[in-house]
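Below you'll find the structure, written out as C-alpha cells, and then a few comments.
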Amino acid sequence: MALNGADVDDFTWEPPTEAETKVLQARRERQDRISRLMGDYLLRGYRMLGDTCADCGTILLQDKQRKIYCVACQELDSDVDKDNPALNAQAALSQAREHQLASSTEPASSSRPPSQPPVPRPEHCEGAAAGLKAAQAPPLPAAPPNTDAVASTQTALLQKLTWASVELGSSTSLETSIQLCGLIRACAEALGSLKQLDH
C-alpha cells in the first residue's frame, strides 16, 4: 500500500546516531544554562522583552538603564563554543554528511555491517578533540599541603564567612542578599576543600 506515492518502508523510524544524540544533549544543556542565567537576571531586576536576538534567537533582556542584553551572546558564546560541534553550523553539515553516508551504505542482510573507512574530521574539530584528550590526562600526584598556608587560608575564609553572615542579617537589598549567599556558599565549599587537604 502506498501513501502519496511513497512506500511504507520509507517511514521506518531509526534511533538517532551517537553524533545526533550528543548534539541534542549539548543543545539541551545550553538552553538550560540560558534559562538559569535569564532567571538570575530577572531576579536582579532585568525585564524580559518581547524581542529576540537577531544573531541567536534568544529572548532579549533590558536592565534598569534600558540597555538591551542577550544572555546567550554576551555570556555563553566564546571561542570554546565556536569549536563545539553541537553549536557550530559546520558541525551540522558534517552530521548531515555522516547521515547521508550511513543511509547510502546500508548493510546487506548479513549480521555484520561492512567496515567503513574513517571519515576525516574537519580541522576545527581537531582542536576541540585535542583539548578533550589533554583534559583527560591523569592528574599529577598532589604535593603535601603547606600547613601554614592552609591554616592562614582557613582563618581568612572564616573571617570572610563571619562578615558575610553579619551583613546578610542586616541586608535589605535582594541583590545584595543573593550576592552574600553566593559568597557564604563559596566560603563554605572552600573550607570543605581545605579540610580534605588536611586529611
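Cβ coordinates are placed from backbone N, Cα and C, and glycine is handled just like the others.
Not measured: the values here are computed from a predicted model.
In Swiss-Prot, the feature motif 'Nuclear export signal' is placed on 173-194, out of the ranges 151-172, 173-194. Taken together, the residues of the motif 'Nuclear export signal' (173-194) have an average pLDDT of 88.
When Cβ atoms from all protein chains are considered, those within 10 Å of Cys56 (Zn(2+) binding site) total 15, not counting its own.
Neighbour density at the Cβ, taken as the number of other Cβ atoms within 10 Å, is lowest among the binding-site residues Cys70, Cys73 for Cys73.
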